[in-house]
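Annotated features, as they stand in TrEMBL:
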DOMAIN    24-345  domain 'Aminotransferase class I/classII large'
MOD_RES   K209  N6-(pyridoxal phosphate)lysine
Amino acid sequence: MMKWEENVRKVVPYVAGEQPNRPNMIKLNTNECPYPPAPGVRKAAENMESAALRLYPDSNAQPLVDALAAYYDVKPEQVFVGVGSDDVLSMAFMTFFNSGKPILFPDVTYSFYDVWADLYRIPYRTCALDENWHIHPEDYKQPNGGVIFPNPNAPTGVEESLETVEEILQANPDVVVIVDEAYVDFGGKSALPLLKKYENLLVVQTFSKSRAMAGMRIGFCIGNEKLIHYLNDVKFSFNSYTMNLPSQVMGVEAVKDDTYFKATTAKIIATRERVKKELTSLGFTFPDSKANFIFASHKEVPAEELFRALREADIYVRHWNKPRISNSLRISVGTDEEMDRLIAFLKEYLEKRV
Ligand code: PMP
């Protein structure tokens, strides 16, 4: 190693799901929405004047902040938006997990958390989920520098009750507790009502899944005004103009169309529940998912084999070679037609194989 390399900030980056794009392929590997964004988003895209791109965007993304504040019935000062919830989470790690004490998160969870912790030199300790993939609230009653967990969890889809979330909040008044609600719109219960009781709670959500806008990169969080103020101080010390103008304009349109939002999420939930039954009849088991994906393993056929066979058939799902989860596939919920093709393929494959 050269001398200069010794002082490089070395990190092992997060590995995102692949983004292949071929006609007729079925992409169920990154939990995107299989339906288009709200019609107003399309209209806004069509009406965008390229001349408007000459100017810097609003550095606060104020129209989007205001729309979200109105929708969730909070003050604009309680809302922070970022370039996807990854950006929001990354800023939150940098802002709030600064004590030098280990932060806590589940052993099986979103695999970006340990990457940010390493990037920002934040010590961390993972707490093992129980055999049903649930959090043990007791684990979060040890001294720590902050807590983060997704609810519903990824990649399991398992939801914790608001009682569990509150038990963790009650045990941790001296640190910031972040609840990552990337998947909450598919039937989960949001922790937002707890904001009135806990000024150290930060709830993070995204437009990437339930609002069908992964390509626009819009995420946000809601919390106490003081938390949001500190978050903005760090954001403005890092990069002021993070969210581009089209994302701001189209994000507002997505928030405006609640009817479309509710109809789309209801459709995905209905498909998910049907697919659960079909997977069960094919010999799969899975924890009950409240997200837009199902974390399934087969009783007899290894996940890695199924992953490869599906891929050969141009059906992409996600598989990790990691402790505890290497025999499961995370299957995003697509359209009914896509899921029918998935089920038909699995049925035929398993009939031949088992
Ligand atoms: N949190 C969780 C739990 C996720 O699974 C994801 C998606 N990879 C994100 C946050 C980030 O999503 P985005 O940056 O697209 O908002």
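Note: Cβ is positioned from N, Cα and C throughout, glycine not excepted.
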Where K209 (N6-(pyridoxal phosphate)lysine) falls in three-state DSSP terms: coil
Segment confidence, the domain 'Aminotransferase class I/classII large' (24-345), expressed as mean pLDDT: 98
Neighbour tally for K209 (N6-(pyridoxal phosphate)lysine), based on other Cβ positions within 10 Å of its Cβ: 25
